[in-house]
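The next block holds one structure in the form of structure tokens; read it before the comments.
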Amino acid sequence: CFGFPLSIFFIVVNEFCERFSYYGMKAVLILYFTYFLHWEDNFATAIYHTFVALCYLSPILGASIADSWLGKFKTIFYLSVVYMIGQAVLAVGSINDLTDHNRDGSPDNAALHIALSMIGLILIAFGTGGIKPCVSAFGGDQFEDDQEKQRRTFFSFFYLSINAGSLLSTIVTPSLKAKQCGIHTKQRCYPLAFGVPAVLMAVALVVFIMGSKMYKKVKPQGNVMLQVSKCVGFAIKNRFRHRSKEFPKREHWLDWASDKYDKQLIAETKMVLKVLFLYIPLPMFWALFDQQGSRWTLQATAMDGDFGISIEPDQMQIVNPILIVIMVPVVDYLVYPLIKKCKINFTPLKKMTVGMFFASLAFVAAALVQVQIDKTYPVFPAAGQNQIRLINLGAVPATVQFQPQLQSVDVAPNEATGYMTFETSKLQSLHITSAALNKTEPLELLKGYRYTLAFKGGLPEISSKLILDNVTSKPEEGQNLVRFINNYNFPVNVTMGDMDFGVLDPLSASNYDIVPKRDWSFLITASIPPASCNVPSMKFGFGSAYTISVDDCTNNQLNVTYFEDIAPSTVHMAWQIPQYFLLTCGEVLFSVTGLEFSYSQAPSNMKSVLQAGWQLTVAFGNIIVLIVAGASKLNKQWAEYVLFAALLLVVCIIFAIMASSYTYVDPNEIEAQFSKEKKEENKKDQDDNEKEAEADSRM
């Protein structure tokens, strides 16, 4: 079809569906850990990076199985089945109603959900990692030797399908997660967010099988990674065996393998090990880079996502692939040529060093943003303390005296104070004075909580009620909380959209409820049989909590007053764009150049070894994060960002020193030299055989 093997179209579609499945699931994973499984941020981050590390360790297993045993087709098929099962198990594990027998909105058996989630993620890690090194190589196998142009075009479309799948899924699955679903209680729809990727993985498998009869299936030809490992192992063992001074030293420690392995394999292994030595500092870059899906996503949950439309915190990850699509051609066709015109020798290793520096700057930017976010967090009472906020719902001003003789506060009509902090042991009662009337409100407080005292003065007496504010932190994931307080002198039934807050007695307050949509206005209705009044609500922003006073009704128009319990987030998510920009600059300089450098310095039959080494640097980078997240004693998130930035800066300097002593080689010249030597040896052997044959004939 258009000069291409028909089979490659099945492979490209398969890759698109598989990447959609993986990145779609991964986009919402950290929020699933924190808000569904209710794991603490550090623990959730550690498990997230353990999963990513496993995804980058398993390609070595997949490549070994494909090259030494099953071949690429069977490896992709069997591991895709494992992958699909893992996605399905994860989706089932996220169904809240599976164990919510008492229908209170929380799973009754959290251990079952955790077990299913972990089993699903382990299967996914082995599935996606196992097929990762096989699919692109399997696509390349479909072309004949004279189809080099078509093969290059295929790889362009192949990587386009990867980016398209990841880009689309990062938009779609967070939107699916944001929907409300459930049989008994409505909450974040993680089953849908994980279920759609599971369906896409099933589609990927079906599409791959459909092309089965058209594929060119190359038989396993042995694993070069295994050969290199055996060569290195033999050299070390042989050197240790001949460590006494009576044995002459050899030019390189790998030369001790010459007793068993040929010179070309040893020379090529030396080249590979030189590059792998440079890989040692590289995991630190990935330790920072992969925190886009964990720490940076958690950071976005405390920010304002109003871009005209409401953006979910996990959708901010889309900035990276969008910038990649823009920056790669800009850097290749504009920045590098300008640097070349300035006669600056910008070698691949220098590019990688600068890339590390940019990533370090990205985390400095993230720390600066975090400092601003921390300033917006509400302060809650410590142990042994209480906070009290006063709301005057009456038409006349009032004065409240905190007894015994702590402080006196004036409160205007329809106004509220901020939360005031007191030592619980020192606070006994409140004395309210309004319009020549007064009342003493005794206090029995639970330590460590916030309270609201709602009151109104008027004949014949002052009415008041002390209300427990059962909110102990800023609402999760940018959600908003509302509750209503009845300022009528008789009971009313209050609803807001589909939310029913029930019948409220005078001065009584409802429980807080989650506002399902941030960017919507809901109809607030107060029913006073036989009539009812209503009014559209305000839009609540991100991460706020409000108490809404239902005051009175004028011409069927409900009058309400909003009291801000927790202010909405004021630091906009757009402030994350600079850190994403810096990190993407680092990725373009580091990752793209690193792969190019590795391939240019590796012999043709050793490229898979360096590919495996590159994947291992990503895995070890994620292991660094889980160690830091698990062992960190830093109380402030900005301090952790600065720590990572400093560590990468130190590693950047070390890498620059290591790179300065590296000598670039041309593997093609070395391979050509060995090829020439082999030809000369073969010719010499042939001449010797001819001379022997001639001598035999004379005899």
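Placement of Cβ uses the backbone N, Cα and C atoms for every residue, glycine included.
Record features (TrEMBL):
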TRANSMEM  20-37  transmembrane segment
TRANSMEM  43-63  transmembrane segment
TRANSMEM  75-95  transmembrane segment
TRANSMEM  110-131  transmembrane segment
TRANSMEM  152-172  transmembrane segment
TRANSMEM  192-211  transmembrane segment
TRANSMEM  271-289  transmembrane segment
TRANSMEM  318-339  transmembrane segment
TRANSMEM  351-371  transmembrane segment
TRANSMEM  612-629  transmembrane segment
TRANSMEM  641-665  transmembrane segment
REGION    675-699  region 'Disordered'
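Sequence-distant contacts of the transmembrane segment (192-211) (same chain, at least 6 residues past either end, Cβ-Cβ under 8 Å): 6-7, 9-11, 13-18, 20-22, 24-25, 28, 32, 76-77, 80-81, 83-84, 87-88, 90-91, 94, 169, 172-174, 176-177, 179, 181. Long-range contacts of the transmembrane segment (152-172) within the same chain: residues 4, 8, 11-13, 15-24, 27, 136, 139-140, 142-143, 196-197, 314-315, 317-318, 321-322, 324-325, each at least 6 residues beyond the stretch ends and with a Cβ under 8 Å from a Cβ of the stretch. Nonlocal intrachain contacts for the transmembrane segment (351-371), taken as residues 6+ away from its ends with a CB within less than 8 angstroms of a stretch CB, comprise 284-285, 288-289, 295-296, 299, 571, 575-576, 578-580, 582-583, 585-591, 593-594, 597, 636-639, 641-642, 644-646, 648-649, 651-652, 655-656, 659. Among residues of the same chain six or more beyond the transmembrane segment (641-665), those with a C-beta under 8 A of the stretch's C-beta atoms are 271, 274, 277-278, 280-282, 284-285, 287-288, 291, 295, 347, 349-350, 352-353, 356-357, 359-361, 363-364, 366-367, 370, 601, 628, 634. Proximity of the transmembrane segment (271-289) to the transmembrane segment (612-629) is established through 3 or more Cβ-Cβ distances under 8 Å for residue pairs spaced 6 or more apart.
Among 43-63, 75-95, 110-131, 318-339, 43-63 has the largest number of CB pairs under 8 A with the transmembrane segment (612-629). Long-range Cβ contacts of the transmembrane segment (43-63) within its own chain (Cβ-Cβ under 8 Å, at least 6 residues beyond either end) map to 26, 29-30, 33-34, 37, 75, 79, 121-122, 124-126, 128-134, 223, 225, 290-291, 293-295, 298, 608, 612, 615-616, 618-620, 622-623, 625-626, 629-630.
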